[in-house]
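K.L.:
Submitted below is the structure of interest, expressed as structure tokens.
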Amino acid sequence: MDITRNIARFSWSSCIMNKKTWIVILLFVHILLCDCNASQPKIKVNSRQSCMNGTNTGQQRVQVEFSSQIVENEFIVAFKGYYSNSARAGFISAALREAGVTSWHLLPRHNPATDYPSDFELIKIGSHIADGIDALENHFNIRQVTPQKLVTRTLKYINETDEDRAEGNEVDKEDLQSHKGPPCNESDKADPCWTQKYHSSRPRTHRGPSSLAGAFWFSEVRHKNRKLLRAIPRQITTALQAEVLWGMGYTGAGIKVAIFDTGLSVDHPHFKSGRVKDRTNWTNEKTLDDGLGHGTFVAGVISSHRECMGFAPDADLYIFRVFTNNQVSYTSWFLDAFNYAILKKINVLNLSIGGPDFMDHPFVDKVWELTANKVIMVSAIGNDGPLYGTLNNPADQMDVIGVGGINFEHQIARFSSRGMTTWELPGGYGRVKPDIVTYGSAVRGSAIKGGCRSLSGTSVASPVVAGAVSLLASAVINRANVINPASMKQALMASARRLPGVNMFEQGHGRLDLVKAYQILRSYKPQASLSPSYIDLTECPYMWPYCSQPIYYGMIPAIVNITILNGMGVTGKIVDKPLWQPFTPQYGNHIEIAFSYSNTLWPWSGYLAVAISVSKSAASWEGIAQGQVTLTIESPAEDGEDTPRTSIVKLPVKVKVIPTPPRGKRVLWDQYHNLRYPPGYFPRDNLRMKNDPLDWNGDHIHTNFKDMYQHLRTSGYFVEVLGSPFTCFDAKQYGTLLVVDSEEEFFPEEIVKLKRDIANGLSVVVFADWYNVSVMRKVKFYDENTRQWWMPDTGGANIPALNDLLAPLGMAFSDQVYEGDFTFGDHEMYYASGTSIARFPTDGLLITESLKNQGYEVMKGESVTVDSVPILGLHEPGKGSGRVVLYGDSNCLDNSHLQKECFWLLDALLEYSSHGNVPPIFTERKSSLTFTSTELPERMEGNHLYRYSKVLESHLGTPQSRPLPACPHLSFSQPSPLNISAPTNLYKHNKLLSIGLEPPLPFINNPGVDGALPGIRDAPGSLNWDLGPGANMHSSENTNVFPVIAFLGTALVLVFLVNHMYKSKSKPRRKKPRIKKIHHALYGSPSRVPGV
Amino acid sequence: MLNSRILRKRWVLAVIFLFSLAYFLINIYRQSEKLVSQEDYIDRKRLLVQPDAINWEAVHFTQSNSSKSCRNSVQGKQLIADERGYVCNREEVDSEGCCRTTIPSTKRYTCDSCTNTGCCSIYEHCISCCLQPDKQPLLRKILSKTADTFHNLFASVTDHFELCLAKCRTSSQSVQHENSYRDPKAKYCYGDKPPDLQPVAIQ
């Protein structure tokens, strides 16, 4: 506790628990180990539980349902360790004999695992069941006895309806209840721990040191969950068929692997002697050893050679200790450690760490520098799923292999971060990440003191790939000159197996296939490739969200951000310009394409953003249009070549075009005025979410407003994203402008234009959020990474800026912060830290509610309920004009920390804004509140919003607006039509060019490549993990036995000596003669010796 | 009472005592070994590369008589610095990794983007500048009083070129508030001073 307090100090709360959880949020990096327990709905026995498959597939999704019931008289006896069949039977019969239970028998299990020691047994008891169970539970080798359950699972497709959301709520409620924890230690009356009873539905405790104990070890709950899944293989290497490569004699030899983690002890039994080449410490703790177990586990997955196998047992390990035992780490430690890694000419580097700050330039630059020096970086994508927009740096960089997690059922693990990158917002569109997924849930690896344990998290998935990459690199070590970060990534992507029903922003290119990647690498020829390798905007669900909305004339162009990987050299460029070739027979001329791309592809990668738009000729056309983009990539000559290396890449394009929808159906989402972390401290929109203080998911309809977007699509609205100022769109095209939770200032020109647009029929719907200067000062905190106090630059939303925008309409929001549950019609609502309306035209429709004054609560610690808080206002300024709607809270639309959604409200408001129909639910509740003139909120004195703003001038003193930037102008590429047709299905396993024909694999013993998991079966002879039952248990006991014996022995000797002395004291006479005798012998005179 | 009799026998006690003693001795020895390794660790941190242990000899061979290949700075986006101190465009690197000296744009020992404080805005210029023979005294001085964090790094450096490669990289000395550069304009330094502190970058 003391140590964690040193890491960060927060002024807000006196609650110890909260201090712990706040801490790591702002540390730049954190270890990506998952605490799945907290984020998964708990499964109850006998309850019907439904698990959602990872993705929303547009209209449908797969639902896995299972029900379980207890089987009578059958019990699972779980032992404290792994024992052989006979030993288990012995224990049970001994226990039951004592209890006098005679009619019982073991239920045989027929599976390959029966030959191996197990830690449980199935038993059927005929009579005296209660006695029998008691006896079993009292046996010292038995951990617990549980009733046998029959689990029935069904798969079905269901439509994406309200059911989904209802379920979400259920989970949230459960979460709330389960977290209404113990009262906090309230030491300061003015600063009470008032948030303690609420927790997020998506706790991110894995980031905090406090979570470590809970997150690290598999807890009971997790075990219960696990039983419902398929069997978990004992060896992760078997699940990926590493034996195939081992069988060919490749074991990672000659490859230098760096592990940036919590260190490793020097004599861990799982590593071959001499393989740990170097251990260095870059932290301020003077040790090289792992005190957490994270580094040991990661190193084990990469190169353990006993018990739980790693992929490359003969690779040279370079251990970099960059995390303290308290999970503290600084950018500067990483910089120095990375420099050392470059100097040591590391081949593969695993980073099971990540953080949200992709604007940490020194770090990002250094990662580029590393890959530019041919270090293959593998990094974990993050454990912040299932929310979108949660990718972690450095895994989200183009030159890094970003790894997501799946479970052994080949579903995306719930914790795995996903969604596009948010670097490119607001003007552009994010890149596809993760690059690849692999097993990251319940993977077995090395424990800190020998033995094995299971862990989950993308932290685990990353070393799986890093180990596989090391093994691959050693298998093609004779072709070392073509192996580089790009070619390795290309091979992994091209060989990956796509998971069905999961979109590319969750799975990237799919699941790692080690053997196939090897085949590709063996014949790899340096070249460039694209990720994704084609654009098919009709393919669902893989190309979600593109496939969820067709394109039409007049739409803000759909942007696909393609990553170019260039295996030919660290630097390269696109020759001339990319060429757009519409296919004439397939109506390619109906679409127009514009490009923007990296001038230099460095290191090994670059981007190609493809903006797709519909030509005017197709304004009322409906159909599918196809074409292709061709680009030539060039890199300087290498290896004695005379001419530069070139590679021609083709990018097929396929889009669905529809006639332009009517104005009322078109909704414009304002992205331009949403700011997020990084770089600034933009606080959460829900003040109760103290363990997650930053607004960092991008606030985009395809990140944390994904469900809202999906709902609008289902309701028939077409949603476009405005990444430029209000002056840059044609208001006549749109029914409604949605301004949700905006943090940015507004240009004076925007304010003028919006007023005019409203008069001309554009409706505006604003979802604001809290803003109060005192509260903002209260939520400042000390960030230990930057060693600075962090003061928010706005509240949840920038109310003063919004008020400037709304002033011409006679509307304004207040600086009050309200919170509370209420009912609206028959809908349950939760107002999570919202503002209220301070001014509204008298002829407008205003709705009030009784809410708690949360601002007062934060400041004074007392809860006060306020009646008639105006939260919703509807107004139509004039005949023929658009309508304006204000609502004070945006949390019910936002997936992050969503507690009760209000998509129905958005529907109703859009019905009003687009068509002018006031739903009766509003008219019924019309309030006759009149405003007394209130002071409007002011901007906080000395705020630094100008640092992050696109609108404010960067200078000290009173902030001023910059000159209005020019609107982005797309210059569409000159088409060069081709009279050919493309196949209807663009997705094929994208082949990389190879040298010559692919030679067959000399040795393959991989039965059932894709079908059943090769799982539980082990390759005979190749492994020596079966050291006998409970090997790890025994070894740990052995170490404890010696000191005890030694201590007892010494104690015994001591007791004897004491006893002896006591005896000699109590019987002095026995000694006397002897002394006398000696004396006599020495001096010969007995007379002068005094008696004792 | 056979047991207690046996226990009273002196030789039994002696055996037990000796065993225990041996165990404790071994244990203490092991611990001291651990302590030693701990000291070792600290020592290693303190151990400096003696400036004389480094090969300071400049690489003098030129294009004409080059049968030898060059090490170079590998990573550059546009430029490459080779171990002889030449800086050239990537396209002008020959198959041996050396800069083609005949090209007019190739420069040796250039300090083009470097300031007086020993910091440069281009990494390759920093290397080239650092390789100047007259920079040796400065580098010797740096080596002889390196801060703690750089021991691991400089302990592995073998010659002048490697030292310049390592020294010019951005490091813990280059940042303020961890996540921003002290001077984003001139961040690659061969000198003994960190980059000049600039106000936090405005984005």
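Cβ atoms here come from the backbone N, Cα and C positions, even for glycine.
Quick paste of what TrEMBL says about this protein:
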ACT_SITE  A:ASP261  active site, charge relay system
ACT_SITE  A:HIS294  active site, charge relay system
ACT_SITE  A:SER459  active site, charge relay system
COMPBIAS  A:166-178  compositional bias 'Basic and acidic residues'
DOMAIN    A:70-149  domain 'Membrane-bound transcription factor site-1 protease-like N-terminal'
DOMAIN    A:252-510  domain 'Peptidase S8/S53'
DOMAIN    A:531-660  domain 'MBTPS1 third'
DOMAIN    A:661-920  domain 'MBTPS1 fourth'
REGION    A:162-192  region 'Disordered'
SIGNAL    A:1-38  signal peptide
TRANSMEM  A:1041-1062  transmembrane segment
K.L.:
How many whole Å apart are the CA atoms of A:HIS294 (active site, charge relay system) and A:SER459 (active site, charge relay system)?
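P.N.:
The separation of the Cα atoms works out to 9 Å.
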K.L.:
Looking only at DSSP and grouping its letters into three states, which state does A:ASP261 (active site, charge relay system) belong to?
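P.N.:
Going by the DSSP assignment, A:ASP261 (active site, charge relay system) falls within a strand, counted as strand.
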K.L.:
Taking only the Cα atoms, work out how far A:SER459 (active site, charge relay system) lies from A:ASP261 (active site, charge relay system), in Å, as a whole number.
P.N.:
10
K.L.:
Using DSSP, what is the helix/strand/coil residue split across the domain 'MBTPS1 third' (A:531-660)?
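P.N.:
The composition, in the requested order, is 12 helix, 71 strand, 47 coil.
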K.L.:
Using a 10 Å radius around its CB, how many other CB atoms surround A:SER459 (active site, charge relay system)?
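P.N.:
There are 33 such Cβ atoms around A:SER459 (active site, charge relay system).
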K.L.:
For the domain 'Membrane-bound transcription factor site-1 protease-like N-terminal' (A:70-149), how many residues does DSSP put in helix, in strand and in coil?
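P.N.:
Secondary-structure composition of the domain 'Membrane-bound transcription factor site-1 protease-like N-terminal' (A:70-149): 29 helix, 33 strand, 18 coil.
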K.L.:
I'd like to know the mean pLDDT over the domain 'Membrane-bound transcription factor site-1 protease-like N-terminal' (A:70-149).
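P.N.:
PLDDT averaged over the stretch: 78.
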K.L.:
Around the C-beta of A:HIS294 (active site, charge relay system), how many further C-beta atoms are within 10 angstroms, looking at every protein chain?
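P.N.:
Cβ-Cβ neighbours of A:HIS294 (active site, charge relay system) within 10 Å number 27.
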K.L.:
Validating a neighbour-count step here. Other CB atoms within 10 A of the CB of A:ASP261 (active site, charge relay system): how many?
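P.N.:
Within a 10 Å radius of the Cβ of A:ASP261 (active site, charge relay system) lie 26 other Cβ atoms.
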